[in-house]
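K.L.:
Residues or ranges marked as repeat 'ANK' in TrEMBL: 35-67, 68-100.
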Amino acid sequence: MTELHQAAAAGDFDLVEEILNKKKCNPNHRDIDWNYKTPLHWAAAKGQTETVRILVEHGARACLRTDSGWTPAHFAAEAGRLGVLRLLHSLHAPIDKEDFSGDKPVRIAEVYGHNDCVRFLESAEPECRTYRQMAVLNSFPLDDTDKEWEEQRKELNRTAKQGITTPH
């Protein structure tokens, strides 16, 4: 866990800002020991809206996923962090991606009984899809796919179809 991960997980905005301004850590570093979480995953889970904002302003990618396919939106939905979900949506972050089990953030919010998040995500998902379509049509830059995770997912699906198991 980097110093930036620790500061984001602790909700220490001032330290996060200092680290980012000094360019001491990569905001997209995935912590292997914590399921490939980035500092943005931690900030979203903790409901640290301003930390989420400054991380994104310094290049944190809201499309990056953990080993199970969770985006920052999944963590915000699990914890009932409506403010973070609203911010992610306003920044055109993907809030409707399926994890490895096929669950979107809206489903995670349902499971944990965060009805305000469910209502928001149900109305925001179509807007998210429309924005992506418009971005493609108008050649806007769009950063909504974690290509590394998608490749890992394809490989796991391929080996599962072939009946190949990985050694334990």
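The first residue you see is number 1, and the count goes up from there.
Placement of Cβ uses the backbone N, Cα and C atoms for every residue, glycine included.
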K.L.:
Please count the residues of the repeat 'ANK' (68-100) that DSSP assigns to helix (H, G, I), strand (E, B) and coil.
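P.N.:
Taking each residue of the repeat 'ANK' (68-100) in turn, the totals are 17 helix, 0 strand, 16 coil.
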K.L.:
Could you count the residues of the repeat 'ANK' (35-67) that DSSP puts in helix, in strand and in coil?
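P.N.:
DSSP composition of the repeat 'ANK' (35-67): 17 helix, 1 strand, 15 coil.
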